[in-house]
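Here's the structure, in structure tokens; my notes come after.
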Amino acid sequence: MTPVVALVGRPNVGKSTLFNRLTRTRDALVADFPGLTRDRKYGQAKLGELEFIVVDTGGIDGTEEGIELKMAEQSLLAIEEADVVLFMVDARAGLTAADQAIAAHLRKTHKKVFLVANKTDGIDGDSAVSEFYCLALGDVYQIAAAHGRGVLSLLELALAPHLETLVDAAAEEDAQDEEEEDFDEEALLRMVAAGDLDTREDTKETPFADLPIKFAIVGRPNVGKSTLTNRMLGEDRVIVYDMPGTTRDSVYVPMERDEQKYVVIDTAGVRRRGKVHETVEKFSVIKTLKAIEDANVCLLVIDAQETITDQDLSILGFVLHSGRSVVLVVNKWDGLDQKVKEDVKNELDRRLGFIDFARVHFISALHGSGVGHLFESIQEAYQSATRRTSTAMLTRIMQMAQEDHQPPMVNGRRVKLKYAHAGGYNPPRIVIHGNQLNDLPDSYKRYLINYFRKSLKIMGSPIRVEFQESANPFEGRKNTMTLSQERQRKRLLKAKTKK
């Protein structure tokens, strides 16, 4: 599960500065969802190989009233869902009543809290932070978010348990890779040259073929996620949701259909049947992002009556960036007249044309029309994302792509694609080796991706294609002349001098 780090503190202590520093290596995902805290931001960050989600909860000073109190409550809800809380204070401004009010709340949450004193550059940090020890939150960690001083060591300490888990998972993955079939590059190139590629065994069984398919139902508030969840589980199924101890994660509900096991990840909380018609759905962006990271397939639910919004595109962008398979679900399709339906389809083609590989279903979660076909697309997307393809098959497909459309010329020389092999799955990752691949235009890269998708019949899953430049065996070597060549060179130079 992707860890979540929440930045908490009163206004103007440097939370946004630290947020921007943590997310600078990745494009920050900014989501302004109605009903959530104003100016609340969510971003992806990376520490080594560990990816985590950063939440800027907005300023809290403990004295909010009215609508400000409601916004503060939403920020405190984000704290409850976080794995690590960085409580930021201003070392230059000193301890304030707002700091004490926030600290009192954090002590009650029993969360893993790190007290972070920002803006310690240019002052005596030890003296400035001494008064913050009275907050009873343990050690005070000094940083300068604007310059990055102390940030790395703070993250390594705060995320240490998750880093250890990542190392253990990487070791297991390396052990699995060692068991996989290795191939001899030179032998493969000889087979390519001779046209002797055996593509009969083009796929292999995945090591988790018997595991349940995890799919997450994601989308904006009030698009019918919980209604769809209960419809897929069965209306008579009574599910207790958000029990104590489960608020940090989405609700995982196992189910089985046609002898296929599934795990439904509901980001809105699975309701009892009698509560399906509540007008206000419980919604959390953090739950959605974590569910996307943990799922195999994501069902993005769109309201047909509101068409596509920027929030839908933000969630879809996170799904694709995470490499997850996607199925588009247009809900509330019943009751629309034919002209409105045509307008909705045209809008989908216009704004979502870049994911033409995803299945689109027009359903009514309330009445159940079209819901049963979702399972077919879920299985199709999952199988596309996890199916393994042999090196011989991928290389042959690459050759056919070159035969249909040759790579362009670069500096008078043709870009040469030598061979391709699988570099991973879920999503499928294809590694292509060759010469001058760094100069290959993006248009030809997209052509190769589409050719692989069509040839392998991959639906619902993105494809990652990586290009690795083959090493030049003569790079850095200086040609040496033989004795006869040296003598000939001297004769030519001597003859040229006489002229």
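Numbering starts at 1 and runs along the chain as it is shown here.
Just so you know, glycine gets a Cβ as well, placed from its N, Cα and C.
What Swiss-Prot annotates here:
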| type | residues | note |
| --- | --- | --- |
| BINDING | 9-16, 56-60, 118-121 | GTP 1 binding site |
| COMPBIAS | 488-499 | compositional bias 'Basic residues' |
| DOMAIN | 3-166 | domain 'EngA-type G 1' |
| DOMAIN | 213-386 | domain 'EngA-type G 2' |
| REGION | 476-499 | region 'Disordered' |
Request  = Indicate the candidate from ASN12, THR57, THR120 with the smallest number of other Cβ atoms within 10 Å of its Cβ, considering only these binding-site residues.
outcome  = ASN12
Key: Coarse DSSP state, helix versus strand versus coil, of ASN12 (GTP 1 binding site)   = coil
Task = Could you tell me how many residues in the region 'Disordered' (476-499) are helical, how many are strand and how many are coil under DSSP?
result = 16 helix, 0 strand, 8 coil
Key: Integer mean pLDDT for the domain 'EngA-type G 2' (213-386)   = 79
